[in-house]
């Protein structure tokens, strides 16, 4: 009898304790157990799944022109309905929403098809998913994507680029999963990039056919414009100064033949400097056989100008040297008129006969000075011509840079 009594007492105590534990578990815990019993994480919803996809650009981390890739930090919100995750709020303490771990819920297999690398910033954080009583599931997360981005270098450093994130389901076609988007250009969390100005962001819904299956796709297009001030100040301006000094030195007033010959070395040095700057540009942009970058065209133009100026120096030296020959030739009348050295504009100072200088020597000095003045005026003409030639493209680049600086960023 004693054993029977003790058994009844123990059974009664265990029953009371289990009931008390059941009463102490709150409606939130009961709701979680109910949803985990009702939902199968490996099974998608039975009906057609419509994913409402929103993506917001947070920061353009880097654009690598050589590798033709862009790194972008984005904030993504995915929303869909799963009736196996719905409940009646009146049965669970009027709870209208709850949170479940991502490992316990079915999620769509949306990926960025043209990505090279992907980093989930919440990978080491237990980030739950928001579940509404109607079965609406909301998943939000920040991500760092590295995507393929074709780079056009024709207008470098005044180029505009477009990079797109191509988002689609890996395994479901449009007969099971479709993606809907909402156009929203509002970027409250965007942080500007130092090298690129954001011009526009757009999102559009498209589709493509893969293995005879139509797949729903979303394209998030990012349009950016390069900020060229760095290249103009560090490459264009030094190049112009070097070329201008080279041209001015090649055609500067001279006193001896040896000084004129040394200016050939100045021209060659300037050409080598332009070649080095061209290498700096070629290492920055992709090696394309279709387009030559605008900045590289600028350097090549300067090389051609300095080379031409160096070559033209030789005939000027030849004209100057005519005045130092043993028998100085007389300049042609048309040559004197061309350089405005006719008798009305040029009258040499006569030597007094008391100095004992022969008439022949005076005539030789007169002709020598004539050739020197012709060479000097040719120097002025050529230096002005070449300086204007190198100034026009330089001013054009400065104007383009000023326009881009004044242009508003999104």
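A Cβ is built for glycine as well, from the same backbone N, Cα and C atoms used for every other residue.
What you are looking at is a predicted structure, and each value in this text was computed from that prediction instead of being measured.
Averaged across the domain 'Neurotransmitter-gated ion-channel ligand-binding' (29-228), the predicted model reaches a pLDDT of 92. Feature annotation from TrEMBL assigns domain 'Neurotransmitter-gated ion-channel ligand-binding' to 29-228.
Look at TrEMBL and you will find 261-321 tagged as domain 'Neurotransmitter-gated ion-channel transmembrane'.
Under the heading signal peptide, TrEMBL lists 1-18.
Feature annotation from TrEMBL assigns transmembrane segment to 231-252 (among others). Same-chain residues lying 6 or more positions outside the transmembrane segment (231-252) and placing a CB less than 8 Å from one of its CB atoms are 157, 263, 266-267, 269-270, 273-274, 277, 280-281, 295, 298-299, 302, 305-306, 309-310, 313, 316, 379-380, 382-383, 386-387, 390-391, 394, 397-398, 401.
Through the fold, the transmembrane segment (264-282) approaches residues 156, 235, 238-239, 242-243, 245-246, 249-250, 293, 295-296, 299-300, 302-303, 306-307, 309-310, 313 of its own chain, all at least 6 residues removed from its boundaries and within a Cβ separation under 8 Å. As annotated by TrEMBL, transmembrane segment applies to 264-282 (among others).
Positions annotated as transmembrane segment by TrEMBL: 294-317 (among others).
Sequence annotations record features per position, and here TrEMBL assigns transmembrane segment to 380-399 (among others). Here the transmembrane segment (380-399) has Cβ contacts under 8 Å with residues 158, 232, 236-237, 240, 243-244, 247-248, 250-252, 298, 301-302, 305, 308-309, 312, 316 of the same chain, all six or more residues outside its ends.
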